[in-house]
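The GTP binding site feature in Swiss-Prot is assigned to 19-26, 83-87, 138-141; the stated evidence is sequence analysis. For 26, the entry in Swiss-Prot reads Mg(2+) binding site, with the evidence type sequence analysis. Residues annotated as domain 'tr-type G' in Swiss-Prot: 10-205. If you look up Swiss-Prot, you'll see 62-66 marked as region 'G2'. The region 'G3' feature in Swiss-Prot is assigned to 83-86; the stated evidence is similarity to another entry.
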C-alpha cells in the first residue's frame with residue numbers, strides 16, 4: 001500500500017504541553033485531539049489518553065516519561081504536539097522535548113496554582129529557547145471562587161514575566177477531563193484554547209535557507225531496508241538521494257546517502273526545517289551512528305571541542321546546586337540531544353561561581369560537538385539541570 005503524502009498547504013507549528021505533574025498535561029492533549037476530531041473530522045483523529053500515555057514505564061508510576069507525538073489541525077494550521085514529561089526525574093526528556101517547540105501550552109491546575117515543577121518547566125522552556133508560552137488553566141470546573149482563579153492567574157503571569165515570557169499571554173480556562181467526557185461548555189473551552197494558539201503563537205521563522213542539519217534523537221533498524229535516524233530538522237532542506245555527513249561525538253565523520261524520508265508514517269519527497277522525521281540511510285549500520293550526532297549537508301558544519309559560553313547558574317531554589325563550583329569543574333554539557341562531559345575554565349579573577357550567578361566560561365569537551373555561535377546548552381550533573389547557557393565564541 002502506498003503511503004499517503006503529507007499535506008504542506010497549512011503553516012506547520014510544533015507545540016507541546018508543559019507543567020507540573022498531575023496538573024493535566026496529557027488529559028489536555030487528549031482533549032484537544034478529541035474536540036478537534038469532532039469539529040473537523042476530515043483533518044483530525046482523536047488520540048485516547050492511554051495512547052498518549054503509552055510508554056510501559058509510565059504505567060507503574062502514573063507519570064509521563066517518554067515523549068508522545070500527536071498531530072492535529074485547526075482551519076489555520078497543522079500542529080505537531082509533544083506531550084512533554086511532567087516529572088523532575090525526567091528533565092532530560094523535557095530538554096529534548098521542549099527543544100522541539102515553537103510554542104508551549106503551560107498547563108496549570110486552578111486548584112493548585114503554580115507548583116515547583118511549573119516554575120522548573122518555564123525556566124527550562126526559556127533555556128532551550130521556546131519562543132512563546134500561553135496558559136491552559138485546567139480543572140476550572142472544580143473551582144467556584146472567581147477570586148481564587150484571579151489569584152492563580154496573577155501568580156502565573158508573574159512566573160512568565162520572571163523568565164521574560166509574554167506576561168499578557170492568553171490564559172484560557174479549561175476542564176480537560178470534562179471536555180473528554182463530552183461536556184459542551186468545556187469542549188468549547190478547548191476550541192478557545194486552540195484559537196488562542198492560532199492567534200498568539202507566532203508563525204515560526206523556519207531556518208530553511210541554511211545548510212541542512214538534523215540532530216539525531218533515535219535510531220531504528222528496519223529489516224530489509226536499513227537504518228533510520230529520527231529527529232527534528234533544525235535547519236535547511238533535504239531531498240531524497242541527497243548526500244549527507246554524520247558528525248559529532250565520534251572521532252571521524254562519515255558520509256552516506258538518504259534513500260527515504262518519512263513524517264508521521266507518510267512518505268515525503270523532502271524534509272525541511274521544523275519537520276519531525278525519519279531518514280533512511282544507505283549502507284549505514286546501527287552501530288555507526290548514535291544519539292547526539294548530527295546529520296548535515298557535507299562540509300557545512302564542523303565539530304568543535306573548545307568554546308566560550310555565557311552561562312546562568314541555577315540557584316538552589318530553582319533546583320540548582322547548593323554550593324559554588326570552582327575552576328576545573330567537570331559537569332555534562334547538554335547540546336541538542338545528548339550530554340558531553342566538559343572541563344570548565346573560569347575567567348581570570350573569578351575564584352568561584354555561586355548558584356544564581358551569571359558567568360562567562362571557557363569549556364573543553366571530551367568529545368566533539370557540531371556547534372556555532374548562539375547554540376544553547378544546559379549544564380547538568382547526575383541528570384539534573386544546574387545551569388543554562390549559549391555558545392558565544394568557538395576556540396577550536
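Cβ from N, Cα, C; glycine included.
Source: prediction; values computed, not measured.
Rounded to the nearest whole angstrom, the C-alpha distance between residue 140 (GTP binding site) and residue 26 (Mg(2+) binding site) is 16. When Cβ neighbours within 10 Å are tallied across all protein chains shown, the highest count among the binding-site residues 19, 140 belongs to 19. In the three-state DSSP scheme, residue 140 (GTP binding site) is classed as helix. Note on residue 26 (Mg(2+) binding site): other Cβ atoms within 10 Å of its Cβ, all shown chains, come to 23. Note on residue 25 (GTP binding site): other Cβ atoms within 10 Å of its Cβ, all shown chains, come to 28.
If you draw a 10 Å sphere around the CB of residue 22 (GTP binding site), it holds 16 other CB atoms from the protein chains shown. Per-residue pLDDT, averaged along the region 'G2' (62-66), amounts to 43 for this model. When secondary structure is read from DSSP and collapsed to three states, residue 19 (GTP binding site) falls in the coil class.
Cα of the residue listed as 'Mg(2+) binding site' to Cα of residue 19 (GTP binding site): a span of 10 Å.
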